[in-house]
Amino acid sequence: MALPQGLLTFRDVAIEFSQEEWKCLDPAQRTLYRDVMLENYRNLVSLDISSKCMLKTLSSTGQGNTEVIHTGTLHRQASHHIGEFCFHEIEKDIHGFEFQWKEDETNGHAAPMTEIKELAGSTGQHDQRHAGNKRIKDQLGSSFHLHLPEPHIFQSEGKIGNQVEKSINNASSVSTSQRICCRPKTHISNKYGNNSLHSSLLTQKWEVHMREKSFECIQSFKSFNCSSLLKKHQIIHLEEKQCKCDVCGKVFNQKRYLACHRRCHTGEKPYKCNECGKTFGHNSSLFIHKALHTGEKPYECEECDKVFSRKSHLERHKRIHTGEKPYKCKVCDEAFAYNSYLAKHTILHTGEKPYTCNECGKVFNRLSTLARHHRLHTGEKPYKCEECDKVFSRKSHLERHRRIHSGEKPYKCEECCKVFSRKSNLERHRRIHTGEKPYKCKVCDKAFQRDSHLAQHQRVHTGEKPYKCNECGKTFGQTSSLIIHRRLHTGEKPYKCNECGKTFSQMSSLVYHHRLHSGEKP
């Protein structure tokens, strides 16, 4: 990513200390300072961007109060095609800077020593290959003020980084009357007293200056403030190519996730419960299962104090209080609180019945309905009443039965305030007020309020008599007719007149008898 041409200094990445601050740093912190600044400088040198860097340090020469001022300036003027710049050849040319010493005859001190080197991406053939590109010039200047007897000429054997490292290493012996400054041109002091400093001062300042992230991943465009973090991040992209499931093609960013996923295909379940011996494919599933044995329910609802063994169950339960229904049907826009409810509802639109009974071949649109149907074949009745030990094949039947013992009748008619123990009885009762007769005979168009009444009526047309007396073999079309007939054999007369105490086997006979006492004539 090309940066705009201009001057880039150490301002955002350099650290500045006053003499009081520097005295508070221990040797380890000063060493850290030198390492950080050296690494920073090397990074800037290696970047192919237009930049100017100035490094200015102060150190004691050990010769009285004489001080040495090291000033390093790096000018780099980028070409128009910075991506084509050949830094490999520059690295070769960095060796051998010319040090020129000029003596100031007027004061007897050494005049500024300057090392100047023009660095081009290449010379000769390389310039021809990159015709049209401007030459890239690096000038590394350093000025020293020393009491020297005579001028000297040096030939540098090291690279830029080595020269800077030498300057920074000298910074550990700072004079008490001077300060260390890594700033370009302008001199800004930080006024901190000795009491305000602490051992983490260097670390805190470094974190502030390193907030600017300059290392960017070309794949995900994430930025990092040092190259080591970028390299660590790039491992993720490398593993993305390696962590792919051979069966379904699903990709994972870590190998351990891929290993867990493969158990879905192999059926491997390495995690076993010590209590019941049940095995699981994931350790997290085993952890959740163990809560069934311990009875632990650490997740409590703040609204109703109900507790749950799983956090996901608590989150799902909260929707009861909030009324949230995040799952919406795309066909009819009906919303549901749970994804499982939406899945069941969707089958109503498709008409799909994917669950088949292996015994009778009957199909169902829900797995729970198939499981309930299986109990008809097996005779299983897993739900038992604690009061009378009566058993039921469905939980809803047990709940309904319990109301017999408790006398609870939660369903109330809004018209007449009559109460019922079953919702179905309330719905049936409401038809008395509305006059609704939803069940219609296809033969004679006669309508009925109850489906059982329609079924009985249809036997008039078919002549079917499915109810047979075990005593005499007589058959009947309605079960009520069979019950009345059986009283002929048993002699049972359950209907009694309150006036004279006479009993009857049929209710209709008792009603007819009442007219004798009342004088009513039908």
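Using the three backbone atoms N, Cα and C, a Cβ is placed for every residue, glycine included.
Because the structure is a prediction, the values reported are computed rather than measured.
Here the domain 'KRAB' (8-80) returns a mean pLDDT of 55 for the predicted model. Sequence annotations record features per position, and here Swiss-Prot assigns domain 'KRAB' to 8-80 based on sequence analysis.
The zinc finger annotation in Swiss-Prot covers 215-237 (among others) and rests on sequence analysis.
The zinc finger annotation in Swiss-Prot covers 243-265 (among others).
The annotation zinc finger is assigned in Swiss-Prot to 271-293 (among others) on the grounds of sequence analysis. Counting residue by residue with DSSP, the zinc finger (271-293) contains 11 helix, 4 strand, 8 coil.
Outside the zinc finger (299-321), and at least 6 residues removed from its termini, the chain residues within Cβ reach (under 8 Å) are 288, 291-292, 337-338. The zinc finger annotation in Swiss-Prot covers 299-321 (among others) and is backed by sequence analysis.
Residues or ranges marked as zinc finger by Swiss-Prot: 327-349 (among others). Using a Cβ-Cβ cut-off under 8 Å and counting only residues 6 or more beyond its ends in the same chain, the zinc finger (327-349) has close neighbours at 316, 319-320, 365-366.
Annotated zinc finger per Swiss-Prot: 355-377 (among others), in sequence order. Residues 344, 347-348, 393-394 of the same chain sit 6 or more residues outside the zinc finger (355-377) yet have a Cβ under 8 Å from a Cβ within it.
Feature annotation from Swiss-Prot assigns zinc finger to 383-405 (among others).
Here Swiss-Prot flags 411-433 (among others) as zinc finger, drawing on sequence analysis.
Per DSSP, the secondary structure of the zinc finger (439-461) breaks down as 11 helix, 4 strand, 8 coil. Look at Swiss-Prot and you will find 439-461 (among others) tagged as zinc finger.
Taken from Swiss-Prot, the feature zinc finger applies to 467-489 (among others), supported by sequence analysis. Sequence-distant contacts of the zinc finger (467-489), counting only residues of its own chain at least 6 positions beyond either end whose CB sits under 8 Å from a CB of the stretch, comprise 456, 459-460, 505-506.
With DSSP classes pooled into helix, strand and coil, the tally for the zinc finger (495-517) is 11 helix, 4 strand, 8 coil. The zinc finger annotation in Swiss-Prot covers 495-517 (among others).
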Q. So which of 243-265, 271-293, 411-433, 495-517 has the most C-beta pairs under 8 Å when paired with the zinc finger (439-461)?
A. 411-433
Q) Near the zinc finger (411-433), which residues from the same chain, at least 6 beyond its ends, have a CB less than 8 A from one of its CBs? A) 400, 403-404, 449-450
Q. By DSSP, what is the split of the zinc finger (327-349) into helix, strand and coil residues?
A. 11 helix, 4 strand, 8 coil
Q: Taking helix as H, G and I and strand as E and B in DSSP, count the residues of the zinc finger (411-433) in helix, strand and coil.
A: 11 helix, 4 strand, 8 coil
